[in-house]
């Protein structure tokens with residue numbers, strides 16, 4: 001099993017989360033909410049208002065998302081779904097887990113960091129780096145940039 005950090009439309013409650021729940025694509029089990037250890041620019045760009053994590057470590061904000069344990073079949077599906085490597089690149093980053101407490105524990109444990117795969121953009125139009133940076137994404141958030149799902153394109 002591999003850990004994957006999702007920060008955009010694949011999160012729970014977001015337009016593409018259903019693909020993680022579809023067993024036909026493989027197995028994906030929610031592990032925890034998380035936040036990148038390093039800041040990255042999370043921007044909303046393009047004609048379909050897609051959330052993009054730009055591969056500029058040290059720039060932007062610490063991005064919140066979710067960590068999933070996925071099997072090889074789901075990882076291959078996600079590569080295809082994210083048009084990797086043509087559009088997104090699957091890279092590795094470190095994520096601080098925000099929910100890593102044993103049930104019934106009174107004191108939260110020390111923060112735990114894990115290494116995860118993430119789908120980010122290494123190449124992008126230069127003006128994207130100047131767009132507003134977000135620390136979290138919601139397709140219906142206050143940014144007013146509603147995501148245009150694939151089935152509507």
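Just so you know, the numbers here start at 1 and follow the chain as drawn.
Just so it is clear, glycine is given a Cβ too, placed from its N, Cα and C backbone atoms.
Keep in mind the model is a prediction, meaning the values are calculated, not measured.
TrEMBL annotations:
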DOMAIN    4-123  domain 'Gamma-glutamylcyclotransferase AIG2-like'
ACT_SITE  82  active site, proton acceptor
REGION    130-153  region 'Disordered'
COMPBIAS  132-153  compositional bias 'Basic and acidic residues'
In the chain carrying residue 82 (active site, proton acceptor), residues 6 or more apart in sequence that have Cβ under 8 angstroms from it: 88, 90, 119
The domain 'Gamma-glutamylcyclotransferase AIG2-like' (4-123): DSSP-derived helix, strand, coil residue counts: 17 helix, 49 strand, 54 coil
For the domain 'Gamma-glutamylcyclotransferase AIG2-like' (4-123), mean pLDDT (0 to 100): 91
DSSP-assigned states of the region 'Disordered' (130-153) in counts, ordered helix, strand, coil: 4 helix, 0 strand, 20 coil
